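So the structure is just underneath, and the comments pick up after that.
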Amino acid sequence: MAAPCSEDPSLERHFKGHRDAVTCVDFSLNMKQLASGSMDSCLMIWHMKPQSRAYRFTGHKDAITCVNFSPSGHLLASGSRDKTVRIWVPNVKGESTVFRAHTATVRSVHFCSDGQSLVTASDDKTVKVWSTHRQRFLFSLSQHINWVRCAKFSPDGRLIVSASDDKTVKLWDKTSRECIYSYCEHGSFVTYVDFHPSGTCIAAAGMDNTVKVWDVRTHRLLQHYQLHSAAVNALSFHPSGNYLITASSDSTLKILDLMEGRLLYTLHGHQGPATTVAFSRTGEYFASGGSDEQVMVWKSNFDNVDYGEVIKVQRPPATLATSTGNLPEVDFPIPPGRGRSLESVQSQPQESISMPQTLTSTLEHIVGQLDVLTQTVSILEQRLTLTEDKLKQCLENQQLIMQRATP
């Protein structure tokens, strides 16, 4: 295993192809693809392999606001201002199924960790949950009183968190479909929210320039950061759970050390607002997008450790420990064994890994292929429906012509 290294993050690549502001980015599981959506209504699939051509997917009739790869990486969901969600097979053909998800702009799409469910959020003030395959509507969560900007599943799929322009973050129980708690500490619209990889905390970003972190078990505010000079548009947890990255309209990205409760880095790359940011699944890279129409890929470096195995055995945060420093209310749960090297954490018995790696990989491949097959069936069904509709229209036209021709 590589030893931790303290180099600064470095800009590895930047992609140009969008014709308007970039609104969203997401890495595939294997890091081979990076998806981005834009106000130009196009979905781009960038290949991390040098000299590989990007795919440009068209289909949405208005700005794309959100993208998310399925856990297997074989499907890609996108939401748009055209009120629809599309599920794509991210290959050269760019085939997709489409469904009218909401009665207003779709702001957020997110797959559950098992790949079987999809949660969407919209300006129609609702959060909706769908079955991934055949895009069947399951249920709606409707207690927000303004636009819902973001909705995410917890890592175990049992909870849903949502952020809204009503200045609240709401925590929902997926099974009972009830709101467990409303967090009301933000002073303005809440733009983004996500779960800590352990599932025990959430972080939310706001138009009030702040980032707040809460414990979802006690509902206590753990940390409060006011480091940006403009709205915070997006955030992403490092898979280790130790770091958080934010993107702001002040044009900067900031990397926070959650264990120490301090700012690590401020990155200046975008000309104009930084609108979106996301870590890769291993945390080795992160991507950002901005109103300058660019997608940038950065190498993390600051914690360059192979987290592949560590991620599989996420440790819940333990007792709270207060940090003192130049930030207000910096107070975060510290995972067991903080201070030990990651090598020592890795060497502990890994109960969750009970199957041989080859069997796990084979099962993951089978699940991924089933995703693609099911999606292909959905695409064919949509085409058949369209063909049937066209045939009916032709028959009706023919009957009208015959009626007119009859004296």
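Backbone N, Cα and C define each Cβ position, glycine as well.
Record features (TrEMBL):
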REPEAT    15-56  repeat 'WD'
REPEAT    57-88  repeat 'WD'
REPEAT    99-140  repeat 'WD'
REPEAT    141-182  repeat 'WD'
REPEAT    183-224  repeat 'WD'
REPEAT    225-266  repeat 'WD'
REPEAT    267-299  repeat 'WD'
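Residues 9-27, 29, 31, 34, 36, 38, 44, 46, 48, 230, 233-240, 243, 245-255, 306-308, 311 of the same chain sit 6 or more residues outside the repeat 'WD' (267-299) yet have a Cβ under 8 Å from a Cβ within it. Proximity of distant same-chain residues to the repeat 'WD' (141-182), defined by a Cβ-Cβ separation under 8 Å and at least 6 residues beyond the stretch ends, is recorded for 104-105, 107-108, 110-114, 117, 119-123, 125-129, 188-195, 197-199, 202, 204, 214, 216, 219, 314.
Across the range of the repeat 'WD' (15-56), the DSSP-based residue counts are 0 helix, 21 strand, 21 coil.
Restricting the average to the repeat 'WD' (267-299) gives a pLDDT of 97.
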